[in-house]
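A quick write-up on the structure given underneath.
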Amino acid sequence: ARMRESRYDLLCAFLLGLGQLCIFTGYDTQLTIVEPMLHSVHDRSPATIDAHAGYYGLSFVCLTFTTGNLAAPWALGILGSKYALLLGSVLFSIHIATFFFVHWLPYYVTSAMVGIGYALFYTGHGGYTTEHSTKTTIERNSALTWALANCCMIVGGISMLFTIKPPSKIAEVQLIQANATDTVRSYREYSDDEIRLMYGAFLFITVCSNIIFALLPTRAVKDAIASVNDSKNGIAFGEQMRKTVTTMREPYMLQLIPLFGFIGITACMWCSIFPTTLIFTKALSGHLYLPAYYSMVFGVSNMLMGFAIGAVCKRVRNFSKLPTLTIGCISFSLALLLMLLSTPTWATATPTDKETLLIEPNLFIPLLIAVLFGIGDNCVNTSRTVICALILPEKRAQVFSVSKFYQ
């Protein structure tokens, strides 16, 4: 007998969120340490990889992600939402695997592949969400999916707690001496064994996402916002591109450009730039596990906000649209202001002991910023998912792709 529709679409949302949790536990969590970690590898072997390869790799990701979004609806028409999710997640796993033997060539090549994986994943994510949600369940399902997905930072933070190796007393003395004479070196060095241990855990969890997406059910729910894609009816590439370009010019999409751009800026801040400052700021160098605490606090606040949105949506109509978006923008703005006032100059790029604008670095401020980032991230992404699912029903795949293009 078929599962009841209300339980079936909830199961689909749960599995989608669980798969996203696994894929981003591996990828998003490592973004919080990849810049200082590769900086450490460069310190030991400059020819192996660039000092700022973490940022350069993320630039490759953004470049291919941006261009890949233009073709993603065409790929969705061929693959369907399930296999777009699966292929996208496999590209993430390939990238994580390259950290067992760090070298600039596979790192940059697979970083470009991750951008394509992102485009496939998010287009598939939007397609699968609308195929397995109705107009009355889309808010609940979106909030649930994002809440589960952002548990990735909790799981990733716990993984870092168990894989980070405290330096020996001898290593600490050597590091202090190196900092006194060489300002280019990191205050926190990651050994090759430590990198392999952390990325082995990340790879295992990412492969779990491949398995989950391979097993996703495909039957659409009754009265779903969108029907399950049939690859036999896929649109030719040229026609699909024309449809995507016309979607970019739609008045609704033009009005939402500031929102998509804001999400792009804040995503870079919370997942890579600000966590890097926690390691490069000398006043915080003694807090060895701060990146792990930051990840876990971000994940907890994100998850709780998702459940809160889901609960309020049952009582307040359209709460996940403008009200949720407003809460998210305010939370992000406060976090960015605190970051500006409490971060030393150039701590985003190199180890430093410079003064801050106003607030002296301490353990409490980064965790407060993590709370605000977590709340803001869940709010704006839940709102964006709901808005994109409803504004142009006949161009839904293009809407999701164009939103990521502008982001």
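Each residue, glycine too, has its Cβ placed from N, Cα and C.
No curator has checked TrEMBL annotations; they are predicted automatically.
Outside the transmembrane segment (53-76), and at least 6 residues removed from its termini, the chain residues within Cβ reach (under 8 Å) are 31, 34-39, 42, 84, 104, 107-108, 111-116, 118-120, 122-124, 127, 229, 234-235, 237, 240-241, 243-244, 268, 272, 276, 349, 397-398, 401-402, 404-405. The transmembrane segment annotation in TrEMBL covers 53-76 (among others).
Taken from TrEMBL, the feature transmembrane segment covers 83-101 (among others).
According to TrEMBL, the feature transmembrane segment maps to 107-124 (among others).
Among the features that TrEMBL reports, transmembrane segment is placed at 144-164 (among others).
Sequence-remote contacts of a segment are chain residues at least 6 beyond its ends whose Cβ falls under 8 Å from one of its Cβ atoms, and for the transmembrane segment (197-216) they are 12, 15-16, 18-23, 25-27, 29-30, 33, 82, 85-86, 89-90, 92-93, 96-97, 99-100, 128, 155-156, 159-160, 162-165. Marked as transmembrane segment by TrEMBL: 197-216 (among others).
Sequence annotations record features per position, and here TrEMBL assigns transmembrane segment to 256-280 (among others). Within its own chain, the transmembrane segment (256-280) is flanked in space by residues 28, 31-36, 54-55, 58, 186-188, 287, 290-291, 294-295, 298, 325, 329, 332, 335-336, 339, 343-344, 347-352, 366, 369-370, 373, 376-377, 380-381, 384, 387, 403-404, 406-407, which lie at least six positions past its ends and keep a Cβ under 8 Å from the stretch.
The transmembrane segment annotation in TrEMBL covers 292-313 (among others).
Positions annotated as transmembrane segment by TrEMBL: 325-343 (among others).
Sequence-distant contacts of the transmembrane segment (363-380), counting only residues of its own chain at least 6 positions beyond either end whose CB sits under 8 Å from a CB of the stretch, comprise 143, 146-147, 150, 153, 259, 262-263, 266-267, 269-270, 274, 278, 284, 287, 290, 293-295, 297-303, 305-306, 309, 324-325, 327-332, 334-335, 338-339, 342. As annotated by TrEMBL, transmembrane segment applies to 363-380 (among others).
With a cut-off of 8 Å between Cβ atoms, the residues of this chain six or more beyond the transmembrane segment (325-343) that come close are 259, 262, 266, 269-270, 274, 277, 281, 356-361, 365, 368-369, 372-373, 375-380, 383-384.
Remote same-chain residues near the transmembrane segment (144-164) are listed as 10, 13-14, 16-18, 20-26, 28-30, 32-33, 129, 194, 197-198, 201-202, 205, 288-289, 291-296, 298-300, 302-307, 310, 374, 377-378, 381-382, 385 (criterion: CB distance under 8 Å, separation of at least six residues from the stretch ends). Sequence-distant contacts of the transmembrane segment (292-313), counting only residues of its own chain at least 6 positions beyond either end whose CB sits under 8 Å from a CB of the stretch, comprise 29, 32, 139-140, 143-144, 146-148, 150-158, 160-161, 164, 270, 275, 278, 319-320, 324, 366-367, 370-375, 377-379, 382.
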